[in-house]
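Database features, via TrEMBL:
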type	residues	note
COMPBIAS	1300-1311	compositional bias 'Basic residues'
COMPBIAS	1312-1322	compositional bias 'Basic and acidic residues'
COMPBIAS	1324-1334	compositional bias 'Low complexity'
DOMAIN	15-56	domain 'JmjN'
DOMAIN	80-170	domain 'ARID'
DOMAIN	221-271	domain 'PHD-type'
DOMAIN	365-531	domain 'JmjC'
DOMAIN	1085-1133	domain 'PHD-type'
DOMAIN	1343-1397	domain 'PHD-type'
REGION	1291-1344	region 'Disordered'
Amino acid sequence: MTQPRPDEFKPPQECPVFEPSWEEFADPFAYINKIRPIAEKTGICKVRPPPDWQPPFACDVDRLHFTPRIQRLNELEAQTRVKLNFLDQIAKFWELQGCSLKIPHVERKILDLYQLNKNVADEGGFDIVCRDRRWTAIALKMGFAPGKAVGSHLRSHYERLLYPYNLFQSGANLLVSWTDLSRTLFLHPQSGCVKTEPGTEPCENNRPNLRRRMGSFVVDLYMCLVCGSGSDEDRLLLCDGCDASYHTFCLIPPLHDIPKGDWRCPKCLAQECSKPQEAFGFEQAYRDYSLRAFGEMADSFKSDYFNMPVHMVPTELVEKEFWRLVSTIEEDVTVEYGADIASKEFGSGFPIKNGRFKVSEKDEKYLKCGWNLNNMAMMDPSVLTHVTADICGMTLPWLYVGMCFSSFCWHIEDHWSYSINYLHWGEPKTWYGAPGFAAEQLEAVMKKLAPELFQIQPDLLHQLVTIMNPNTLMSYGVPIYRTNQCAGEFVITFPRAYHSGFNQGFNFAEAVNFCTVDWMALGRQCVDHYRLLHRYCVFSHDEMICQMASKANSLDVVLASAVQKDMKDMVREEQDLRDKVRKMGVLRCEQAEYDLLQDDERQCAKCRTTCFLSAITCPCSPGQLVCLHHIQDLCSCPLTNYTLNYRFTLDDLYPMMNVVKQRAETYDEWASRVTETLEAKLDKKKSLSVFRSLINESESKMFPDNDLLRQLRLVTQDAEKCFSVAQQLLNGKRQTRYRCGGGKTQSQLTVQELRSFVRQLYNIPCSLPQAPKLKDLLNCIEDFQQHSEKVLMDEATSTAVIQSLLDVSFHFDVELPELPILRERLEQARWLEGVQQTSAQPSTLTLETMRRLIDQGVGLTPHPSVEKGMAHLQELLTVSEHWEEKTSILLKARPPPSIEVLSEAAEKVVGIPAYLPNCLMLKDSISRAREWLQEAEAFQDGESIPLFDKLSDMVLRGQAIPVQLDPLKHLEFLVTELQAWKESAAKTFLMKNSHFTLLEVLCPRFEVGAGSPKRKSKKAKDCSKKKMVKLDCLSDVEKALLETKDTTSALATLGEVRLREMWALSSIRAANESKLLPTADCMDLKVCVCQNPPMGAMLQCELCRDAFHSVCVRAPSDSRSTQAWLCPDCRRSEKPSLDKVLPLLASLQRIQVRLPEGDALHYLVERTVSWQQRARQVSASCGLPDLEESFRTSPSPVGKMVFYTEQRCIPLQGLSVELEELMVEGLLLQVSLPEITQLYHVLLNGLGTHHTHGQNESPQSLGSGRVSATVLSLKRATVFTEKKAKRRLEREALETERRGKAKKLQNKRQKMNKEKNLERRAASTSSSPRSDFSQSDDSEEEMAMCPAEGCQQPEGDEVDWVQCDGSCNQWFHQVCVGVTAELAEKEDYVCVSCTISDGR
């Protein structure tokens, strides 16, 4: 959308538009009276009748002929006409000088000579402007762009065209004393100052114009009237008016060229220009139009002008173009307007009774309709019904035929009456109006902007020939309103409301005046105004009042009251004037019936007022009279010659006034009480009930609905509204606005409105009891505002103070401008407190918290404290994000940085008062790294052998620390070695697809039975105090092994598991043997893994002694196998040889890390070696037969079984417990030994029957030579095995020496803590079923416990002991370790544990 030009017309505000209902439309005067309070504020209004109200057009179109007025648009506008008049005067001036005026162009625009002349005059005149060099300022003032040397051009044009005219206007060109000055100033002007007209010739070529019409013989008789000289005849110029002679250089200003045409001297020029100008008026057209011919001309003009069909031209475009044309001098557009056509001659557009237009039955209602303009002026409510004469345009409608741009200029109706205009058909009519109260303001603005026009025509605005742009009037504060009147719409103008407008195109309108009761006071004021302007009256106001007074009994009470008031003023004024005239000497009086004379026969000769009550005449001037106001202007005769002519005597007037008064007395009495009530002040004000009673009285007595009653109702309504609002404000009836999130309610008042409301309560004529209370409320609110202002000025206000103020405001049902600010400050204060709280606790000030606070701060209203806090937070956030990002990069760096680099970064982060996860992670990483390094250093010092789980956990923790840890690679290598060792051990021990774990295989069996073995104790009381370790499952064993501090404790724990294993297995064997006795019913047995009775070939496990179907379990590949058959549950591993196991143990001992599988393997080796020793002891003590002999002897008879077995089992009948336990434990070993196979075959051959005696029997009573051979064979095998293991340990001696320092420290520590080790050993083996306390009842010392596996617990007065010369220094029973007393004295004894440990 294009922007409007600065000088483009801007339409004023629209006037009110009313659309009455049929009920309201029935009475036009009642409806107009109803809308008057609103419409009179805008001066004009538009009324749209109900849609069905469409009167027929009754005008005789064929008979209607009229002569329109000619309107030149650029002459209509006041300021434009002033410019045109000025240009006419300038042109006339130069024409009389013999030159034609040619208006120059500046910057491709026609130079506004009027504006240039006015601006120079405002600056002090030509001389001052030249002296002060103000031509540039004048150029800017006239709208020219700066910097283009326009000022010099303006000076040149002014000096050439306007300066001579201004000198003429001032009379300077007539002064002879200017002769010398003119010679010095203008005889030789500077070049470029005065320009000659284009086309003019030098003066030499114009010599025929000099002294023309003169003969040569009289040339010397003429002299210059200025200088008195006849010299310079060629420069002597003769006037064409008076034949006076003037030198061209003596003229002011001097002439440089001889005029081509007639030339007038200064005196003739002054005489011509001093003639008064004719009053401006519209010319009548030379052509008489019919309605049809005028319409064709109008439509043709509009379509040609806008180059489009008339109905397609927008009204806005026509409006803007109209005001552009009236303000433009250059464009001369002429239109014609058929205005003020008498309807009496051609017929009204509305149907009338007995008219030529025949009305149909359905349209007869329009004949008597009040909105028919033929009826409106003469209806009873109209005052004009009492005007006897028919007045065209007032009581009789006038017709108006318009065309595009035809206009009606600014004017007010005659006698300031109402007017109503109806547009019958055609294109719209655009109206502009100003309210009646702005009439004098509009007149003053027009007189100010166009004073020249009012000097010529003082009553210019009554001539309807002058228009002024509404935008210009609005710029001076005049309220202007507009509307577009379309066909079928009424426009009403109110008393003294100036209005003007123009037609959008061809249309037909009709208008008439009317006056209501409220107009009467204005009507008398208008007569006084006309008297000042010397303007004639259309009718006599006094005559109308007297006419109504003569019919007082038939008048409406309201009209009677108004007539009585007006008549009272009239009589008082008349009495004063008559008294004044009488005192002046006029004594002769005569009665004259002026109502019988025509208006023009009784007009005042001075003010042209129509006289009725009285007039002054003189015999010297028959037919001439003056009003009593202008008695001095009648003639020069003595006042005693004057005659006072009167229509009524004062004695006639008073009775007339009393009759009207009596008619209006009842109403007047009510009206006086109403007036008194409305005008009451302070404590004399009446209550609201009094106002209501007055309204009820008016309704009961049916007083007319006039201004007073409407004012009473309006005041009462205002009082009731004020009462309701005041009660609401005092009661605090409101929805909790701020607590519930609501804002301003529709009924809320601002503080200023409340202040105005309180002032209104005190100014309203009604007394309301809420006024003092509201004033107190207002005082409280003002106190609140003052307190709020102080709080808002304080930058460090707490939230409690602001909240308290807001709590106080909840009691005010008023819109407080401080509340939004206080809520903003409350949010700011809460935000600042939140910032302070989080800053006081850096541990809670996260990056997210800072961002959230900043986001909240951005949403707050700007405030210095908030901005300061925001800056601090932003700076802290920037620093924090920088270090968070930097620490994140450091923590994620690969390879990770050193602890020194991280420590340096951590030191820089210490001073940041915020919770930074990455920075804290950095600090935590550094702390964990240092702890880990200390732990790694302790591990490398070798003070204790760490567990594999701890080492793995340490490696995992080290890998999780984002710090470069130098020992980590070594520890990772150890973990890798241990995992490889476990894989190697699993490969060595575990069978293919075995469901057992390596730890299950290496540990003694713990799942074969529940509970723990019971054994006798010398002191059951002391034994019951020992706490039993829970070793019921693999996890318990593994947990117990992990909780041990060293290998010794672990071995003790595994020894406990071994005892449980032996006890449980003994129970299972006994149960299975008893189950398989021949006495049992074979079909009731549940054997094998399938838990079915024995059937077919069976196999019996040598270990658990249970029977198995050969088809259910894998049968041995060779039924004559030398190995004992074990069931799937008892055969747990591949049972590698000791040669394969010892390297595994040695390699684990080199790694110097403990793990449960390693401790279990260590215990397995010790158990294996211990079993070998026991086997040697049994072999030596029992004298078992030799292996070869056992193979050659026939098998001993097998005990009777209830089923058939494919493979023989060791017969248990007669077999000693010691041999059975020895064989069972050998089978339990997960290491294969030749001694186990040898013992199995010895016992399998039935030799066990020779060993049924107790253990304390002598060896000579226990066996034969075959037993000795077997023992010897066992001894040899044992010695061979020991030597082989010894050689293997010697090969590893070199590697063991490398660990010298750690080994020496460890050995030294172990020897220093010998007693402590003994105590721990005793504690770990206290629950063994084979251990016992050998302490007499009288002794206070406990006997030391033998740490040997399978301690025999010898008893007696003397028990031989031997101390280990290895690293443990423990004491053993000689019988338990197989050492004789002689051997113990001659050689060093080293226990199995020390042998294995020293083998490292």
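Placed from the backbone N, Cα and C atoms, the Cβ positions cover glycine too.
Just so you know, TrEMBL annotations never went through curation; they're auto-generated.
Computed from a predicted structure; not experimentally measured.
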Note: vs the domain 'ARID' (80-170), the recorded stretch with the largest number of Cβ pairs under 8 Å from 15-56, 365-531, 1085-1133, 1343-1397 is 365-531
What residues elsewhere in the chain lie close to the domain 'JmjN' (15-56), defined as a C-beta under 8 angstroms and at least 6 residues from its ends? 350-351, 357, 359-360, 363, 366, 369-372, 376, 379, 381-382, 418, 431-436, 438, 479, 481-483, 485, 488-495, 497-499, 516, 518, 705-706, 710, 714
According to DSSP, how is the domain 'JmjN' (15-56) divided among helix, strand and coil residues? 16 helix, 6 strand, 20 coil
Per DSSP, the domain 'PHD-type' (1085-1133) contains 0 helix, 8 strand, 41 coil
The domain 'ARID' (80-170), counted residue by residue under DSSP: helix, strand, coil: 62 helix, 4 strand, 25 coil
